[in-house]
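Taken straight from TrEMBL:
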TRANSMEM  275-297  transmembrane segment
TRANSMEM  341-371  transmembrane segment
TRANSMEM  377-400  transmembrane segment
TRANSMEM  412-437  transmembrane segment
TRANSMEM  495-522  transmembrane segment
TRANSMEM  534-560  transmembrane segment
TRANSMEM  572-592  transmembrane segment
TRANSMEM  604-632  transmembrane segment
Amino acid sequence: MGVSGAIRNKVLYTYIHNLNRIYEKSLVSVTVFSVCLPLRSDHPPDSDMPSSRAVKSLFSVYTAVGCIFLLLSPALASESDHKYQADEQVTLWVNKVGPYNNPQETYNYYSLPFCRKTENTIHKWGGLGEVLGGNELIDSQIDIKFLKNVDRSVICQLELDEAKVKHFKDAIENSYWFELFMDDLPLWGFVGEMPPGKNSENGKHALYTHKSINVKYNKDQIIHVNLTQDNLRPLEAGRTVDMTYSVNWIPTDITFARRFDVYLDYPFFEHQIHWFSIFNSFMMVIFLTGLVSMILMRTLRNDYAKYAREDDDLESLERDVNEESGWKLVHGDVFRPPSSLVLLSAVVGTGAQLALLVLLVILLAIIGTLYVGRGAIVTTFIVCYALTSFISGYVSGGMYSRSGGKHWIKCMILTASLFPFLCFGIGFLLNTIAIFYGSLAAIPFGTMVVVFVIWGFISFPLALLGTVVGRNWSGAPNNPCRVKTIPRPIPEKKWYLTPTVVSLMGGLLPFGSIFIEMYFVFTSFWNYKVYYVYGFMLLVFLILVVVTVCVTIVGTYFLLNAENYHWQWTSFFSAVSTAVYVYLYSIYYYYVKTKMFGFFQTSFYFGYTLMFCLGLGILCGAVGFLGSNLFVRRIYRNIKCD
């Protein structure tokens, strides 16, 4: 009882301690947020300042704008202009440490018992995306000056005791690596090495005690940094080791604009198989669109000819009508409002927004090289999501109105909050796990407040506005055929024409078109590679959209020919199944392509992948539904429904 109680108390203490660390880390964000609140004075305006109210209003506006940039942009630092003078101080920032095979399981650099000169360290607080990416930069206090070589200098003395030795041994056994930054350029290294043989003379865990930093510069700018380590020392309790460093400055002709090229893996991303996959997907698009056009147009042309006959051929027309079957017989039910209309409108509107969002972020990444900055992609995604929320409301409101919906408030709120709250629910579980482990992946409270403010004061109002505009501008019913009062019974069909089978089959070809690109995306995110080929991603995204539309149109046509007029949800889920196959592929990738281990990393891997697949599924579902909707309206527009 006493032992279990002690363990329980230890767990509670660890959890509370980690909560305090997260709270302390978030104080800066909360402080910035408090400054962003509307200014208020409890004192009367100064009589000598006749326009004090106008000045204060103007000051409030500038303060709000400034706060937005403070919250979204990386913090300013001394190296912000990336230009130095001789002997000017260059800061080496320590960032994080963690198991090499677990990319998301990262901790504060000083969670390992590294020594440091003083306890009064300087933190470099980053922007929104940088914090969400689990970065916490701390001044290493290592004396580095521009163009000044250092042969070998002592950073500090590390006194090893039993606890420190055990901590370092655990880190070395789990292949812990660390990340440093100098002038926004990353450096990586391992904490130590495992013994080559348990029975050998050197069979002890060894700690790297010397860091050799090579810095390439061009005039007054740093171009490249490289870290090598040596001077391994065995870990023994009661021993004191000197932690040392050296710095070597090397001139180079490489320009500042090309300094990130060294981090890009050109042979991997521009491999022949990548080009072949793009070509293969493009040829599949041509074949699929041609096949769809040929089959459907040929069939529909004959159907149109029958329904376009004049009254002078009544006998032939009556014979044809008696023999009719298929999609033409359900014209009185095909535009019947689907079940759960509010939910369908919300997911279609959200998917339309996500499609525009992905296209916009890809274009910005192509133009602005967003891969260079820490967290730049995440920040861009959040800001663009908030600004494009009008689209989700507009599409959702117009669709809901055209279908005769009455619950406007429910539709507006669900459209604005569906996807963010799904992500929030998954993120909350992952954040709880990260706090328990004391990981940098835990999102600080202040950052949560900032994200909520962006959603509550930008995204949510824009979605509501879009719903109102969509309802009034594009919400008038315009169905080509009138809906009958009594629903038509749906006949029994073969198993392969059921909505479930059609939906599952509908995602195979779209998944095949993005299968190879998913490998590159997963490898970039989970295996420390910088994804920079956004031109490839743009082509793959456009191919995915075209293939999804074609496949869902074919599935909808087969369903209507089976006299099943419940095509709305079927067309949506037919495209959503693409995300199901991506998630199944992620399970294969986890077990075959990675060496991840532990509850923490497994939770984050499948949690992040679930969020990604939810977004992908809603996006594809909306594209598939909108394409099928246009197709259905087009084919029923040219027949005589009366």
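Keep in mind that glycine also has a Cβ here, set from the backbone N, Cα and C atoms.
All annotation found in TrEMBL is predicted automatically rather than curated by experts.
Within the same chain, the transmembrane segment (275-297) packs against the transmembrane segment (534-560): three or more Cβ pairs sit under 8 Å, each pair at least 6 residues apart.
Ranked by the number of CB pairs under 8 Å to the transmembrane segment (534-560), the listed stretches 377-400, 412-437, 495-522, 572-592, 604-632 are led by 495-522. Contact between the transmembrane segment (341-371) and the transmembrane segment (495-522) does not hold: fewer than three of their C-beta pairs are under 8 Å, each pair 6 or more apart in sequence. Most Cβ pairs under 8 A with the transmembrane segment (412-437) among the ranges 377-400, 495-522, 604-632 are made by 604-632.
Residues of the same chain lying 6 or more positions beyond the ends of the transmembrane segment (377-400) and with a Cβ under 8 Å from any Cβ of it are 72, 127-130, 132-133, 341-342, 344-346, 348-350, 352-353, 356-357, 360-361, 364-365, 370-371, 408, 411-412, 415-416, 451, 454-455, 458-460, 462-471, 473-475, 622.
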